[in-house]
Amino acid sequence: MLNKVRKFIEREKLLYRYDLHLVGLSGGADSVALLLILKDLGYRIEAAHCNFRLRGEESDRDEQFVRNLCKQHDIPLHVIHFDTKEYAALHKVSIEMAARDLRYGYFRQLCQDIGATDVCIAHHRDDAVETLMMNLSRGAGIHGLTGIRPKNDIVRRPLLCINRQDILEYLDSIGQPYVTDSSNLEADVLRNKLRLMVLPLLEEIAPGAMANIYKTANYLREAEEVYNKKIEDYKDNFISDNKFYKDSDITPSMPSILHEWLSPFGFNSTQTEQILDCMNETGREFLSATHRLVVDREFFEVEPITDPIKPLKIPETGTYRDEDQTAFKFEITTDTTVSREPYVATLDADKVQFPLTVRLVEQGDRFVPFGMKGSKLVSDYLTDQKVSILDKRHQEVVTDATGAIVWLIGRRTDNRFCVSKETTNVLRITVTF
């Protein structure tokens, strides 16, 4: 088995003998086997153990076991204790997610501290199959069906070439004990139910199923490279910043492309289907935990969910900043030159009554666009200018003491307040981002 692991490490270019490698060591069979295999193969290793304080005496037993094991084999050991429940409550995550965050955060920092190039984790082939089956049951796309990768960032997985039974037989052959986590024997979560109930039954019904599923994951990983290339080609053609442009030519492939674009924003596959069903319903809105998607006329547009900007009161001339630190400068001058810069407004100061207000546009707002005589709804004006739905919502205006809009910021001043031949004092407003 040592030779099999060695060949896998070399083929996947996982580890190099002149580097220092950190080994995550829980004390269970998998991590103990990983530690001893890497030591026997001649790699420079140090071990790291996390005590999550979740299982009382069992946690302390595990820690003492790994201390004795590393001392016996003269392997440097690093141990850390975590208050996992407190972290989970503070960050509003599950105990499992809290333990994962703490573990990998510690491993990353420890690698930097001791000069290790990577951290080796004892995931094996059965773990990869379990992960694939879990993702399959949740309706994952192709990325979720590639199993566990041999390397990802600083994480290395040298045991993916062998299964759990191989590990147990190896430890038995060298007479090496290990500890057993009682929580791993409780079939109360999806992974453990797959491990203890579903996959053994599948292997019984179809001998070799586990190995074949793992092979399929490898094939899918190769197919994923082709898929990613095609997706990127589509993205180059149809995605610009936070907009996904609708196009009938890619309708058959749109679900996959849209899903890949939306996934980083927290939207799941079910939401992607719902969005596609409503692709012609302009104004429809969908929310993930962090982002908002709006169906616009020609595209889907996404933005982070944030609190609306509060109105900014302008009692007199001077420079003011809003919550985003955007600067608004108000000054009186006799220079009647009208600036053509979009974020500079030139108004007749004698027609504008302080105090002023900078605020978001509101439903029903009207103004008289420069060069026109009659008033127009701001929303209609923005629609005529082909402004997107989300940009409309973020449009700011400057109003005077009477509530009249004097400037649609970045777009058009109000004709009632424009500079004329009779103007003697000019109010110049400059916005700097």
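Quick reminder: no glycine exception, Cβ is built from N, Cα and C everywhere.
A29 (ATP binding site) carries a helical DSSP state (H, G or I). Taken from TrEMBL, the feature ATP binding site covers S26, G27, G28, A29, D30, S31.
Positions annotated as domain 'Lysidine-tRNA(Ile) synthetase C-terminal' by TrEMBL: 356-429.
Note: the ATP site is recorded as S26, G27, G28, A29, D30, S31; in the same chain, L25, V32, A33, A122, Y178, V179, D181 also have Cβ atoms within 8 Å of that site's Cβ centroid. Residue with the densest Cβ environment among the binding-site residues S26, S31: S31, by other Cβ atoms within 10 Å. Long-range Cβ contacts of G27 (ATP binding site) within its own chain (separation 6+, distance under 8 Å): H49, D62, E63, F65, V66, L69, Y178, V179.
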